[in-house]
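**Student:** Could you have a look at this structure, given as structure tokens, before my questions?
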Amino acid sequence: MLYQSETLQLHWLENGIAELVFDAPGSVNKLDTKTVANLGEALNVLEKQSELKGLLLRSAKTALIVGADITEFLSLFNAPPEKLHQWLVFANTIFNRLEDLPVPTISAINGYALGGGCECILATDFRIASPEARIGLPETKLGIMPGFGGSVRLPRLLGADSALEIIATGKDVTANDALKIGLVDAVVDPEKLVGSALTMLKQAIDGKLDWQAARRPKLEPLKLNPTEAAMCFTIAKGRVMQVAGKHYPAPLTAVKTIEAAAKFGRTEALNLETNSFVPLAGSNEARALVGIFLNDQYVKAQAKKLSKGVAAPKLAAVLGAGIMGGGIAYQSALKSVPVIMKDINENSLDLGMNEAAKLLNKQLERGKVDGLKMASILATIRPTLDYAGIERAQVIVEAVVENPKVKAAVLAEVEALIGEDTVLASNTSTIPIDQLAKSLKRPENFCGMHFFNPVHRMPLVEIIRGAKTSDKTLAAVVAYATQMGKTPIVVNDCPGFFVNRVLFPYLAGFGMLVRDGGDFHQIDKVMEKQFGWPMGPAYLLDVVGIDTAHHAQAVMAAGFPERMNKDYRDAVDVMFDNQRFGQKNGQGFYRYTQDAKGKPRKENDEQVDKLLAEISQPLQEFSDEDIIARTMIPMINEVVRCLEEGIIASAAEGDMALVYGLGFPPFHGGVFRYLDTLGSANYVEMAQRYAHLGALYHVPAGLRAKAEHNESYYPVAAALLDVSTNQPA
């Protein structure tokens with residue numbers, strides 16, 4: 001053994017060939033600050049070996065390196081810029097030393113080589129992968145860009161076009177795709193990976209492979225003539241602006257950095273990369289996007305903890321077909337849980353099966369399933385007009401019309417037919433679970449399971465705990481949601497639960513703004529382009545359905561009359577009274593026609609302005625700041641109330657529910673991250689300017705207390721490790 005640390009080992013293989021093995025404690029290798037330092041120490045030893053002829057780099061795990069340790073990121077980002085710059089120079093010096101070894105080097109890639117793992121293999125002369133390997137640089141998805149030379153070496157290895165695609169999108173590539181673009185030199189069976197890498201290394205040592213020629217382009221300027229460069233980078237910048245937009249600066253910064261570095265060799269190009277990385281790391285967007293990654297890990301860990309030891313059901317049932325029931329049945333069947341789909345109406349069953357077939361057809365067109373697989377998945381959905389076999393289902397999801405009497409009757413009816421351990425869940429969006437539980441003899445076996453539409457796309461499932469819901473019931477439903485590929489978040493019961501409870505104050509703020517003369521076109525534009533929502537409130541109402549929103553609005557007003565009751569007709573009332581229900585009937589705030597692909601195309605409708613004039617002040621232009629404040633303050637206040645009342649258990653779960661359930665702009669990180677970015681005191685001061693508008697704008701006491709004590713919702717990350725001593729700075 002030449003060198004050994006907690007995360008890697010260096011030893012001789014044979015005849016002057018050394019092997020560097022990444023083998024950290026735990027299930028995966030990460031390129032954390034400690035491992036980077038350990039790599040430097042291993043190179044110290046290696047550089048002194050006069051008999052060294054070659055180096056093979058591999059992993060003892062099922063993946064090479066899954067990336068940097070993202071739990072360290074916020075600490076790094078909170079460091080003074082000069083400290084972060086110093087650490088990046090330190091790290092890049094180590095990767096340069098790996099690249100500059102006076103012998104050929106090769107990486108054997110099994111599983112993932114992402115982020116810093118990808119940058120590490122780029123520093124070797126050759127790369128060989130097993131078929132399941134995936135390689136990529138996902139940093140731009142986290143609001144940053146490669147920082148260990150990825151933006152320098154990848155373009156020089158692959159050419160600018162392929163490198164820009166990988167870096168700007170943050171997507172990883174398969175081993176076979178990596179072979180096609182020149183990212184790896186060979187793909188071999190897993191059992192032959194190390195042997196083949198050793199053979200290739202020996203060929204390089206014997207002069208049969210020119211390892212110096214493989215290394216040379218990575219040290220030199222990018223080989224592009226001025227015309228090619230202008231075309232390549234102009235197209236890339238245009239594409240990035242179109243896809244990422246102004247709220248996600250990292251992809252464009254990466255493209256511009258690669259462009260600026262193209263004419264330089266490695267040293268100057270790395271300096272440019274570091275100089276671009278540091279400001280990105282200090283940005284609010286990076287903190288928010290890294291925060292989302294960490295919150296996602298936390299939420300998934302909570303789900304795993306809740307459902308520990310509980311298997312997903314072998315058979316499920318959905319009561320109520322149609323689009324929603326069909327979507328739930330499809331998702332269940334797709335993820336290998338057979339499902340009974342029951343309805344009282346043959347047409348609804350046909351609609352549900354057609355929905356499942358349509359979604360599977362899309363999978364077929366994309367090559368995700370073949371015809372045989374599609375048929376076998378569809379065969380696991382059993383449509384039925386009666387309850388035959390329902391007693392065999394372990395979890396039953398009620399998804400009938402959003403009417404408390406109908407839901408209660410259906411739940412009571414099915415409960416009489418099933419065993420004492422069968423779990424019942426209601427896919428209600430607003431009706432309190434405790435209200436529905438009154439019709440049941442075994443309320444401990446009952447909870448809410450709120451899917452979002454469209455089911456196959458929306459990652460969130462709200463699991464609603466009623467007053468009598470047992471832990472066993474929650475565990476079973478969380479296990480089912482997880483098996484379905486969803487992110488379950490447990491919330492406590494109240495009208496609207498969490499997501500809809502906080503959505504309707506936002507829509508109420510919109511309604512008041514329109515009442516006071518706001519133009520809904522301008523409001524939508526500001527909330528989409530400036531704040532970053534995928535769709536503005538008027539467009540969202542059309543997509544949700546004006547009739548659905550009108551009904552939910554009444555439920556919320558009854559549940560929270562002190563804030564959500566209103567004594568005036570609003571825009572939703574006007575649309576509803578005029579039977580403008582949104583996309584479902586082709587007219588709402590906007591008019592909808594079908595495009596060539598059969599998707600709804602939004603168009604302006606002058607008739608709407610005339611209808612809204614009945615309930616609005618004369619049109620006036622509000623500032624972007626006013627529009628954002630008047631719509632967002634009610635939502636933010638309600639989100640905070642939900643945490644203070646224990647409806648949600650943590651800021652992390654609240655923020656993930658908003659991002660996954662409502663499409664809250666990820667670059668803000670969720671309401672709690674947004675508040676931490678603004679500063680609680682700044683937010684309270686802003687909200688007070690709108691307090692005259694009513695109770696929805698009154699800041700909750702807990703948030704006022706945080707403002708007074710200068711507290712945040714998320715803990716402040718500790719300082720960056722000092723690069724020379726590995727101790728907190």
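Backbone N, Cα and C atoms are what each Cβ position is placed from, and that goes for glycine too.
Under the heading active site, for 3-hydroxyacyl-CoA dehydrogenase activity, Swiss-Prot lists HIS450, citing sequence analysis as support. Under the heading substrate binding site, Swiss-Prot lists ASP296, ASN500, TYR660. Per Swiss-Prot, the feature NAD(+) binding site maps to MET324, ASP343, VAL400, VAL401, GLU402, LYS407, SER429, ASN453; the stated evidence is sequence analysis. Positions annotated as region 'Enoyl-CoA hydratase/isomerase' by Swiss-Prot: 1-189. Feature annotation from Swiss-Prot assigns region '3-hydroxyacyl-CoA dehydrogenase' to 311-729. Sequence annotations record features per position, and here Swiss-Prot assigns site 'Important for catalytic activity' to GLU119, GLU139 based on sequence analysis.
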**Student:** By a simple count, how many Cβ atoms lie within 10 Å of the Cβ of ASP343 (NAD(+) binding site), its own Cβ left out?
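**Tutor:** I get 23 for this one.
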**Student:** In whole Å, how far does the CA atom of SER429 (NAD(+) binding site) lie from that of ASP296 (substrate binding site)?
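**Tutor:** On Cα coordinates alone, these residues lie 23 Å apart.
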**Student:** Under DSSP, is ASN453 (NAD(+) binding site) part of a helix or a strand, or is it coil?
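**Tutor:** Its secondary structure by DSSP: coil.
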**Student:** So what's the average pLDDT for the region '3-hydroxyacyl-CoA dehydrogenase' (311-729)?
**Tutor:** 95
**Student:** Within 10 Å of the Cβ of ASN500 (substrate binding site), how many other Cβ atoms are there?
**Tutor:** 23
**Student:** For ASN453 (NAD(+) binding site) and ASN500 (substrate binding site), what Cα-Cα distance in Å is obtained after rounding to a whole number?
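**Tutor:** About 13 Å separates the two Cα atoms.
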**Student:** In Å, rounded, how far does the Cα of GLU119 (site 'Important for catalytic activity') sit from the Cα of TYR660 (substrate binding site)?
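**Tutor:** Approximately 31 Å lies between the Cα of GLU119 (site 'Important for catalytic activity') and that of TYR660 (substrate binding site).
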**Student:** So what sits near GLU139 (site 'Important for catalytic activity') in its own chain, CB-to-CB under 8 Å and at least six residues off in sequence?
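**Tutor:** Expected: GLY115, MET145, PRO146, GLY147, GLY150, ILE167, GLY170, ALA250, ALA254.
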**Student:** Of the residues named as NAD(+) binders, MET324, ASP343, VAL400, VAL401, GLU402, LYS407, SER429, ASN453, how far apart in Å are the Cα atoms of the most distant pair?
**Tutor:** 19
**Student:** Including all protein chains displayed, how many Cβ atoms other than that of MET324 (NAD(+) binding site) lie within 10 Å of its Cβ?
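**Tutor:** MET324 (NAD(+) binding site) is surrounded by 22 other Cβ atoms within 10 Å.
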**Student:** Rounded to the nearest angstrom, how far is the Cα of HIS450 (active site, for 3-hydroxyacyl-CoA dehydrogenase activity) from the Cα of ASP296 (substrate binding site)?
**Tutor:** 19
**Student:** Would you kindly give the Cα-Cα distance separating ASN500 (substrate binding site) and VAL401 (NAD(+) binding site), rounded to the nearest Å?
**Tutor:** 17
**Student:** Would you mind reading off the Cα separation of ASP343 (NAD(+) binding site) from TYR660 (substrate binding site), to the nearest angstrom?
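**Tutor:** Between the Cα atoms of ASP343 (NAD(+) binding site) and TYR660 (substrate binding site), the distance comes to 29 Å.
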**Student:** On a count of neighbouring CB atoms within 10 A, which of the recorded positions GLU119, ASP296, GLU402 is highest?
**Tutor:** GLU119
**Student:** Of all the recorded positions given, namely HIS450, ASN500, TYR660, which is spatially nearest to LYS407 (NAD(+) binding site) at the Cα level?
**Tutor:** HIS450
**Student:** For TYR660 (substrate binding site), which DSSP three-state class applies?
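**Tutor:** Going by the DSSP assignment, TYR660 (substrate binding site) falls within a helical segment, counted as helix.
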